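Comments concern the structure below.
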Amino acid sequence: MNAPFKQAERLGRLTTALGKDILVLLRFEGTEYLNDLFEFRVDALATRDDLDFDKLLGTHATVEIEAHDEMRPFDGIVTQARWNGAGENGHRYSLTLRPWFWLAGKRRNQRIFHDKSVDQIVREVLADYGHLGDPALEIKLANEYPKHEYVVQYGESDLDFIRRQLERHGISFHFRHAMGSHSMVLTDDELNHPLIGERPFKPADRHHNYDQEHFWEWSPERNITTGAIKLTDYNFKHPDMSMEAARTGDAIYPEGRIEAFDYPGDFLRASEVQAGEDTSSERLGKDVARMRTQQERGADHRNRAVGDCVSLSAGLRVKLGGDKVPGHGETYLCLSATHSFVSEAYGSGGQESDGYSYSGAYTLMPDTAPMVPPKRTPQTRIHGPQTAMVVGESEIDCDEYGRILVQFHWDLKNAYSMRCRVSQNWSGNGWGGMVIPRIGMEVVVEFLEGDPDKPLVTGCVYNGKNKVPYELPRHKTRSTFRTDTHQGDGFNELRFEDEKDKEEIFVHAQKDRNEKTNNNHTERIDNNWVQSVGNHKVIEVDGNHDETVHGNVYLHVGPSGIGRTLNDAYRKFVEGISDIAAKLPIPGVKQLGRGVYSLVADQAINEATAGVKSQFIGVTKTVNVGSTITEQAGHSYQIVSGSHVSIDSGDVMAFTSNGEFQARVGKTELRMTSDGFIRLSGDTLYLDFSNGIEILGGNEISAKASKINLN
């Protein structure tokens with residue numbers, strides 16, 4: 001029982017990392033697939049019961065089976081090892097072999113890929129497994145694939161993510177085996193699958209002595225499939241563009257054109273980064289519809305076979321020869337191969353006994369039919385919203401559609417998102433709402449159809465770093481919209497206060513505030529209205545300007561302190577300005593009755609008009625000047641009084657005229673001219689002076705009357 005076993009001359013051999021012939025092959029069975037993972041079970045024999053499984057797990061093990069003078073390898077990674085007890089000839093072990101790609105199912109990840117094609121993504125993700133094959137990955141693609149703007153691996157294993165990407169693009173994979181290694185081969189053309197030549201069909205009653213690999217059972221099969229595909233999609237950059245793509249398969253049997261409809265069609269993602277986007281979207285839509293149809297129709301033709309074709313594995317093509325059966329002479333692609341091998345027995349003392357067997361069961365399809373891997377790997381979905389941080393350059397980073405970049409909390413490599421559209425309260429053609437989240441904000445992100453590749457920003461939230469504008473819950477009755485000055489200090493704000501008896505609408509403009517009304521603008525203030533202008537105020541009225549004041553009008557010009565009262569109030573951001581009017585230093589306002597207009601200027605009041613100025617005063621006009629009154633008329637000056645005109649001078653009253661002075665009262669006239677002539681005329685002249693009258697004439701004094709009385 002402890003004698004070493006030898007495999008060198010046997011038809012089936014097992015090689016492991018434990019060393020030569022430590023484990024020898026008893027039985028081998030398993031299935032390999034096109035577009036799926038193989039799994040092999042190996043029953044082996046050893047002389048010891050204490051094999052170190054740590055030296056087996058995760059290492060390559062290779063089974064070799066002779067195929068007509070050649071050894072066919074079946075290599076895999078040991079993913080399970082078990083001791084099954086002691087038998088007559090030694091200790092029995094079982095191993096499970098799987099591809100290195102299976103290990104990719106043990107690592108889940110969340111990462112983002114930008115502007116990469118599917119083959120670039122596959123290479124990047126599977127690069128970490130490159131040491132597991134020689135080479136681990138072979139890419140043999142006939143087609144070129146566009147770059148995708150944005151692809152997300154979210155909560156998926158590397159295995160599921162890569163399978164989903166391959167299925168999405170119609171790329172097949174199979175495994176090529178070698179001694180101590182196996183390679184994952186990617187293809188997108190049936191003719192890229194190697195052809196192993198012809199294998200004949202020989203019926204079961206005549207195959208026993210046939211020394212060539214052959215089939216002894218062959219059964220054609222047909223299946224009803226979906227016969228047509230219709231896809232639609234939506235391109236927000238061209239919302240009116242028709243995004244429908246359809247394709248009908250080649251089935252001619254009844255009900256062979258049953259149509260499957262799908263939305264979204266998944267044919268816009270790659271076109272976003274290509275030039276000529278319109279034609280690219282249309283072309284990709286047709287290509288995707290064709291591929292989806294082939295995925296469905298590919299399940300129609302099947303051929304089930306049994307034989308001893310050891311060399312036939314999934315992903316290889318074989319030509320059917322031998323006796324006539326349906327499909328004779330055609331070439332087929334192997335979709336799956338189930339192998340079963342039983343080695344010669346190991347007798348006591350190491351004696352070999354006769355007898356071994358191999359048989360295989362195969363599933364094939366004509367290589368003239370398109371082979372596109374079916375969509376079996378589900379699209380990962382994000383159920384519910386997430387939050388993310390806005391990132392980018394400068395303080396605000398958006399494109400012409402208002403799209404922003406965000407970094408998700410699970411993005412450990414700082415790959416950032418694609419440009420995400422931002423939900424607005426309104427969005428019309430040139431009108432609606434527009435608020436761009438800024439760098440450093442935490443935003444709420446949802447995903448269209450739950451697809452991680454389609455993020456949409458739907459809102460913003462505060463956090464421990466980004467505080468609310470007003471302390472809460474102290475100001476819980478406030479609703480506000482406050483902005484922040486771009487690359488500066490300051491803000492604009494529209495605020496609503498709903499506290500009972502403190503209701504207020506507050507507007508703050510950091511720099512300019514402009515209003516435009518195309519028709520009427522009406523305001524109604526039931527109490528006080530206070531305005532404070534820090535510099536100049538200009539009012540322009542194209543038509544008439546009418547103002548009605550039922551109380552008083554007081555206009556004060558000069559630095560009396562009123563402006564300072566208002567400015568200080570604003571500077572301190574008082575709760576409101578309704579109490580400011582009562583604090584204004586306007587003397588005498590409370591003593592005035594209704595209907596009073598007061599104009600006060602600290603320095604001067606200047607008035608000018610190019611035409612006529614008229615004043616109407618119903619009762620009395622009083623002018624009180626502390627020093628001097630000067631009035632000047634370019635032509636004439638006229639004072640008209642219905643009753644009296646009184647002029648009172650405390651000192652000197654002077655009248656000066658460069659031409660002539662006239663004074664008339666009824667029939668009496670006083671006339672003085674600039675040449676020194678004075679004339680006083682009337683009915684009677686009465687002179688009464690208590691101290692005397694002195695008359696001087698430098699030349700002559702004349703007195704003429706019908707009678708002159710001198711006393």
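Placed from the backbone N, Cα and C atoms, the Cβ positions cover glycine too.
As recorded in TrEMBL, the features of this protein are as follows:
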DOMAIN    397-462  domain 'Gp5/Type VI secretion system Vgr protein OB-fold'
DOMAIN    479-558  domain 'Gp5/Type VI secretion system Vgr C-terminal trimerisation'
Count the residues of the domain 'Gp5/Type VI secretion system Vgr protein OB-fold' (397-462) that DSSP assigns to helix (H, G, I), to strand (E, B) and to coil, and report the three numbers in that order.
-> 3 helix, 23 strand, 40 coil
Could you give the number of helix, strand and coil residues in the domain 'Gp5/Type VI secretion system Vgr C-terminal trimerisation' (479-558) as assigned by DSSP?
-> 0 helix, 19 strand, 61 coil
If you average pLDDT over the domain 'Gp5/Type VI secretion system Vgr protein OB-fold' (397-462), what do you get?
-> 95
